[in-house]
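Chemist: The structure's right below; bear with me while I get my questions together.
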């Protein structure tokens with residue numbers, strides 16, 4: 001009988017009810033001691049390990065669990081410490097300061113992890129002295145052993161780690177070579193401690209320019225072979241297809257491939273004989289990035305095909321389960337949709353069902369999952385017809401004409417100031433919202449509280465001297481979840497949390513049916529805020545691309561169709577705001593760049609679809625209505641022309657953590673629309689200085705026409721404390737006032 005093994009690439013850190021987040025934030029707030037934090041996180045790590053053991057995984061990952069980010073863990077492991085933080089003991093407090101900044105130093109850059117909604121802390125190579133300095137990975141491996149867990153260590157590989165880092169005078173190849181002896185030292189320590197194999201994550205090898213890394217990749221793994229450790233290494237790739245013939249030629253013990261998000265290419269390579277059968281194939285057959293239950297019968301067929309071309313097969317999720325919630329156990333969902341879902345724990349159950357079927361000829365669990373999937377598929381969630389053709393996809397007039405009408409209507413000063421949208425969600429705000437959702441207070445009591453909070457912050461903004469105000473979004477838990485709760489076709493879970501960055505957790509809605517706008521979503525709060533001031537108040541919406549990218553999308557319709565359905569719904573809300581007298585409407589697209597496919601052959605169509613959806617949502621307004629949008633920082637060079645094609649009157653972009661890198665993207669384009677490049681980092685509690693903001697403005701004005709430039713923070717201010725926000729915005733406005741006098 002042919003046998004298979006099961007494994008996992010990583011498990012969610014958050015805990016079922018965000019225990020991880022709550023403990024870390026309590027430590028930051030000095031509500032618990034370091035000893036209490038360590039105990040809570042140790043208990044949670046233990047729970048994760050034993051849960052995976054319960055589902056009979058043959059090997060369980062360690063090194064995926066972290067206090068903030070696994071890339072930052074690797075930086076500290078190799079003493080890659082930002083120059084401004086050097087000279088301190090390498091401990092958890094240093095880790096938190098690098099990630100969040102402190103009163104003296106800015107945080108390291110925060111960038112999307114490939115095309116996911118997870119963010120990593122960018123390693124900085126300026127004036128570093130790499131060495132093995134904090135081998136937490138070894139400690140966690142030994143801890144798993146103490147629990148009698150058959151664990152394998154996980155570490156990001158040298159090619160990926162260096163490619164995702166910045167700074168330093170060495171070339172890419174030189175940095176990799178610098179790290180090789182250090183990786184060897186870590187590998188040897190783990191093997192000596194009993195590791196049967198080590199998972200080396202190299203997702204950079206599925207990207208477009210992976211072929212340019214092949215020489216240094218071969219040199220690196222040849223080095224590990226000469227050191228006697230290569231056969232203990234398993235190179236894991238995910239999120240796209242890999243160059244299998246090249247990977248198979250490397251002297252490692254196993255290769256991991258994604259058979260879900262590869263568009264079928266990896267199986268074709270296997271069937272073409274590109275896989276070296278002397279190695280173990282780690283097949284990512286269960287979707288690690290979406291929440292839908294697997295077609296378990298199709299997975300059985302895939303395993304049969306793979307077994308025909310391999311001698312040793314391990315099945316696993318397509319990527320780390322970091323990207324999905326922990327468990328469905330605490331949810332109370334409608335059966336019609338709930339039967340079609342599978343979170344991290346349920347995905348382990350799917351692996352176990354396939355293991356039992358192939359190894360023990362036990363089909364009980366397999367048959368149960370198969371019947372459940374078939375019941376879900378027999379339902380119809382395609383019920384609506386859409387008239388996409390009747391909605392405008394371009395503004396009535398060019399920007400040069402629109403801006404004249406908008407300026408006449410708004411009468412804004414030189415270098416207008418604004419914020420991105422949200423203000424602090426205090427404990428009181430969260431309590432009122434929770435009490436209202438759980439029917440512990442009346443609608444009237446909740447509405448009164450919201451109005452009081454809106455009025456208070458309108459006055460704060462006026463007192464500070466901002467030019468374009470916002471209502472603060474106190475009614476919203478999350479910028480996507482809020483719309484998921486109000487639009488038809490979405491399901492919002494109770495505990496479906498996933499990690500975005502650090503302790504920031506989001507609860508992505510699940511798109512299961514046709515999307516439709518049925519009633520105003522934001523009009524009441526925005527109109528009320530506008531009634532309190534003579535200054536313009538922005539309507540605040542989330543764009544169709546971001547709603548789709550930050551949701552768990554349905555897989556029974558083409559992505560473009562779902563995206564355009566959302567665009568039509570947002571268009572209805574835009575028009576409702578305009579009809580209510582709102583002069584400035586912001587439609588945020590922070591996730592437009594992150595959804596860009598990893599392979600350039602798919603870029604043009606993705607960007608074309610994204611631009612069309614945004615314009616479908618925003619083009620029906622009159623010329624005098626000003627459309628804003630916002631995007632989070634990433635490598636914008638690839639999409640700068642698409643950003644221009646959105647034809648938004650004003651775009652604000654998160655830039656401060658890039659330390660000026662993003663400004664370079666504007667050197668090759670004459671950006672002739674309104675733009676605000678964020679002048680301070682909202683992810684850090686640190687208050688910027690007037691000089692820092694002035695420097696950021698001056699740097700931006702080297703590339704941006706002053707008449708088009710806006711001044712704003714990097715992003716929404718929801719996660720900051722009230723006093724931090726007031727102090728930082730006061731500094732911002734004072735810097736702008738001084739600049740206007742020049």
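From the backbone N, Cα and C atoms, a Cβ is placed for every residue, glycine too.
Given the structure is predicted, the values throughout are model-derived calculations rather than measurements.
Quick paste from Swiss-Prot:
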- 683: active site, proton donor (ACT_SITE)
- 18, 19, 20, 21, 112, 550, 594: 5-methyltetrahydropteroyltri-L-glutamate binding site (BINDING)
- 420, 421, 422, 473, 588: L-homocysteine binding site (BINDING)
- 420, 421, 422, 473, 588: L-methionine binding site (BINDING)
- 630, 632, 654, 715: Zn(2+) binding site (BINDING)
Chemist: For residue 473 (L-homocysteine binding site), what is the tally of other C-beta atoms lying within 10 angstroms of its C-beta?
Modeler: 23
Chemist: Out of 19, 588, 594, 654, which of the binding-site residues has the smallest number of neighbouring Cβ atoms within 10 Å?
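Modeler: Comparing Cβ neighbours within 10 Å for the binding-site residues 19, 588, 594, 654, 19 has the fewest.
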Chemist: If you run the three-state DSSP split on residue 421 (L-homocysteine binding site), which class comes out?
Modeler: coil
Chemist: Greatest CA-CA distance (Å) over the residues 18, 19, 20, 21, 112, 550, 594 that the record ties to 5-methyltetrahydropteroyltri-L-glutamate?
Modeler: 27
Chemist: If we check Cα distances from residue 421 (L-homocysteine binding site), which of the binding-site residues 18, 21, 715 wins as closest?
Modeler: 715
Chemist: If you measure C-alpha to C-alpha, which of 420, 422, 588, 630, 632 (binding-site residues) come within 10 angstroms of residue 594 (5-methyltetrahydropteroyltri-L-glutamate binding site)?
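Modeler: Of everything listed, what lies within 10 Å of residue 594 (5-methyltetrahydropteroyltri-L-glutamate binding site) (Cα to Cα) is 632.
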Chemist: Whole-number answer please: how many Å between the C-alpha atoms of residue 588 (L-homocysteine binding site) and residue 630 (Zn(2+) binding site)?
Modeler: 5
Chemist: Of 18, 19, 21, 630, 715, which binding-site residues come within 10 Å of residue 420 (L-homocysteine binding site), going by C-alpha to C-alpha distance?
Modeler: 630, 715
Chemist: Roughly how many Å separate the Cα of residue 654 (Zn(2+) binding site) from that of residue 19 (5-methyltetrahydropteroyltri-L-glutamate binding site), to the nearest whole number?
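Modeler: Residue 654 (Zn(2+) binding site) to residue 19 (5-methyltetrahydropteroyltri-L-glutamate binding site), Cα-Cα distance: 29 Å.
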Chemist: Would you mind pulling the DSSP three-state label for residue 594 (5-methyltetrahydropteroyltri-L-glutamate binding site)?
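Modeler: Looking at the DSSP assignment, residue 594 (5-methyltetrahydropteroyltri-L-glutamate binding site) belongs to neither helix nor strand, so coil.
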Chemist: Which chain-mates of residue 632 (Zn(2+) binding site) that are at least 6 residues away have a CB under 8 A from its CB, listed by sequence?
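Modeler: Within the chain, residue 632 (Zn(2+) binding site) has Cβ neighbours under 8 Å at 112, 590, 591, 593, 594, 653, 654, 715.
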Chemist: Quick one: Cα separation, residue 683 (active site, proton donor) versus residue 422 (L-homocysteine binding site), in Å?
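Modeler: On Cα coordinates alone, these residues lie 13 Å apart.
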Chemist: Compare all C-alpha positions of 420, 421, 422, 473, 588, the record's L-methionine binders, and send over the largest distance in angstrom.
Modeler: 13
Chemist: Give me the CA-CA distance between residue 422 (L-homocysteine binding site) and residue 630 (Zn(2+) binding site), in Å, as a whole number.
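Modeler: Each residue's Cα considered, residue 422 (L-homocysteine binding site) and residue 630 (Zn(2+) binding site) end up 12 Å apart.
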